[in-house]
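Novice: I have a structure here, written as structure tokens, and I will follow up with some questions on it.
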There are 2 protein chains.
Amino acid sequence: MKDFDVSLYLVTDRNLLKAGRDFYDAVEESLKNGVTMLQLREKDISSKEFYEIAVRLKDIAAKYNVPFIINDRIDIALSVDADGVHLGQEDLPCSIARKIMGDNKIIGISAGCVDEAVEAERDGADYIGAGAVFYTGTKKDIGEAIGLLNLKKIKEAVKIPVVAIGGIKYSNAPDVMRTGVDGISVVSEIMASDDVGFATRRLKEAISK
Amino acid sequence: MKDFDVSLYLVTDRNLLKAGRDFYDAVEESLKNGVTMLQLREKDISSKEFYEIAVRLKDIAAKYNVPFIINDRIDIALSVDADGVHLGQEDLPCSIARKIMGDNKIIGISAGCVDEAVEAERDGADYIGAGAVFYTGTKKDIGEAIGLLNLKKIKEAVKIPVVAIGGIKYSNAPDVMRTGVDGISVVSEIMASDDVGFATRRLKEAISK
Ligand code: NI
């Protein structure tokens, strides 16, 4: 049985850190303060560097017993024995990922509409990352904002957990949760914060409202 | 037993094709005319697109019974059940690749000096890509030109096959082969040619001199 909780799902982005902040410290602080799932997302770095970052984050995630997910790169996930991968619509197909990774790894799929979510569930996905819910500058490749109504439709169309992605902040998190989704995924709301611990606790509070 | 012949090893680069040439036709023509090993190298495309290209090239390589190798991306190699991967010094470590891919897949490692070649052999590499032998604009990440003398030293330092990489042309191929290496790897000499079949046959002749 896969045991994971998407309720407060952090996706990393080293470029958003405040000047002088250490990436690993920031991630650890977020886990200590309630992040329930961690995704390492990197673009435009070598496989070796990606691997080295993944090795360190895996240890930190394990310390807090939080599932550790790799964005896109199944090879990096296998290299560090991560708990799973998160795949976008431009990444490897879910069915292929399942074949390579086996039944025990978590596979999350980004979906921008009901069709994509239903297809992902049928292909063996363990959760859906639905969005972008709101417009965001941080993930250029996830397309147009879908809004809360479409988010609700996606949630109602599948049985697997749905985590809302894209533009989610403390201020809109309660509205997002009222669509019925299982959690929120954030990048900048935690990574770009002056106080990562406070930002995390505040989000934790917002989703339990 | 792994059975492969590095003597005329083509590394793809779609960007070097003459205007109007079809990539798959060009690769097939090179295989038909004597290429003995094929490596798909792609940068800056989505995993999905990389996968789709790999699916098509794998079929073409199989038709000519030529081993099909993927550059860097072990996940793409596993996805299409390629014959192996080629890893640079900035890619995943050889030992990790071996663990993920198993004993039956071919793993080639780029080496720019004797130390790197010896380390790769010790870590379970099946062949060495040694270079860049000459200066080349096509692979920015393989470093300075090492020259024929260092190529010879690398060849003499390991038992596994060594294929020379970087700046190899019809005109310098006989000199390269006289260092004792097992083959030459080319990109532009075939991919950028007006007549891929002719360029391949000419190289074939040059390496048998
Ligand atoms: Ni060295």
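Heads up, the Cβ atoms here are built off N, Cα and C, so glycines get one too.
Copied straight from TrEMBL:
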DOMAIN    B:8-190  domain 'Thiamine phosphate synthase/TenI'
BINDING   B:Gln39, B:Leu40, B:Arg41, B:Glu42, B:Lys43, B:Asn71, B:Ser110, B:Lys139  4-amino-2-methyl-5-(diphosphooxymethyl)pyrimidine binding site
BINDING   B:Asp72, B:Asp91  Mg(2+) binding site
Novice: Provide the three-state secondary structure of B:Asn71 (4-amino-2-methyl-5-(diphosphooxymethyl)pyrimidine binding site) computed with DSSP.
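Specialist: SS state of B:Asn71 (4-amino-2-methyl-5-(diphosphooxymethyl)pyrimidine binding site) = strand.
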Novice: At the level of the C-alpha atoms, what whole-angstrom distance separates B:Gln39 (4-amino-2-methyl-5-(diphosphooxymethyl)pyrimidine binding site) and B:Asp91 (Mg(2+) binding site)?
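Specialist: Cα to Cα, B:Gln39 (4-amino-2-methyl-5-(diphosphooxymethyl)pyrimidine binding site) and B:Asp91 (Mg(2+) binding site) are separated by 15 Å.
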Novice: Name the residues of the same chain, 6+ apart in sequence, whose Cβ is under 8 Å from the Cβ of B:Leu40 (4-amino-2-methyl-5-(diphosphooxymethyl)pyrimidine binding site)?
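Specialist: Correct list: B:Thr12, B:Ile53, B:Ala54, B:Leu57, B:Phe68, B:Ile69, B:Ile70, B:Asn71, B:Ala82.
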Novice: Looking at the binding-site residues B:Arg41, B:Glu42, B:Lys43, B:Ser110, whose Cα is closest in space to that of B:Asp91 (Mg(2+) binding site)?
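Specialist: Of the binding-site residues B:Arg41, B:Glu42, B:Lys43, B:Ser110, B:Ser110 has its Cα closest to that of B:Asp91 (Mg(2+) binding site).
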Novice: Cβ atoms within 10 Å, counted per site: which of B:Gln39, B:Asn71, B:Ser110 has the most, among these binding-site residues?
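Specialist: Output for this query is B:Ser110.
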Novice: Which residues of the same chain, at least 6 positions away in sequence, have a Cβ lying under 8 Å from the Cβ of B:Asp72 (Mg(2+) binding site)?
Specialist: B:Arg41, B:Val85, B:His86, B:Leu87, B:Gly88, B:Asp91, B:Leu92
Novice: Mind pulling out which binding-site residues among B:Gln39, B:Leu40, B:Arg41, B:Asn71, B:Asp72, B:Asp91 sit under 8 Å from chain A, Cβ to Cβ?
Specialist: B:Asp72, B:Asp91
Novice: Across the domain 'Thiamine phosphate synthase/TenI' (B:8-190), what is the average pLDDT of the model, as a whole number?
Specialist: 95
Novice: So if I draw a 10 Å sphere around the Cβ of B:Asp91 (Mg(2+) binding site), how many other Cβ atoms end up inside it?
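Specialist: Result for B:Asp91 (Mg(2+) binding site): 24 other Cβ atoms within 10 Å.
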Novice: CB neighbours of B:Glu42 (4-amino-2-methyl-5-(diphosphooxymethyl)pyrimidine binding site) within 10 A?
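Specialist: A count of 19.
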Novice: Across all the protein chains here, work out how many other Cβ atoms are within 10 Å of the Cβ of B:Arg41 (4-amino-2-methyl-5-(diphosphooxymethyl)pyrimidine binding site).
Specialist: 17
Novice: Helix, strand or coil: which one is B:Glu42 (4-amino-2-methyl-5-(diphosphooxymethyl)pyrimidine binding site) in, per DSSP?
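Specialist: In three-state terms, B:Glu42 (4-amino-2-methyl-5-(diphosphooxymethyl)pyrimidine binding site) counts as coil.
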Novice: Under a criterion of Cβ-Cβ distance under 8 Å and sequence separation of at least 6, what residues of the same chain contact B:Lys43 (4-amino-2-methyl-5-(diphosphooxymethyl)pyrimidine binding site)?
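Specialist: Looking at Cβ-Cβ distances below 8 Å from B:Lys43 (4-amino-2-methyl-5-(diphosphooxymethyl)pyrimidine binding site), excluding near sequence neighbours, one finds none.
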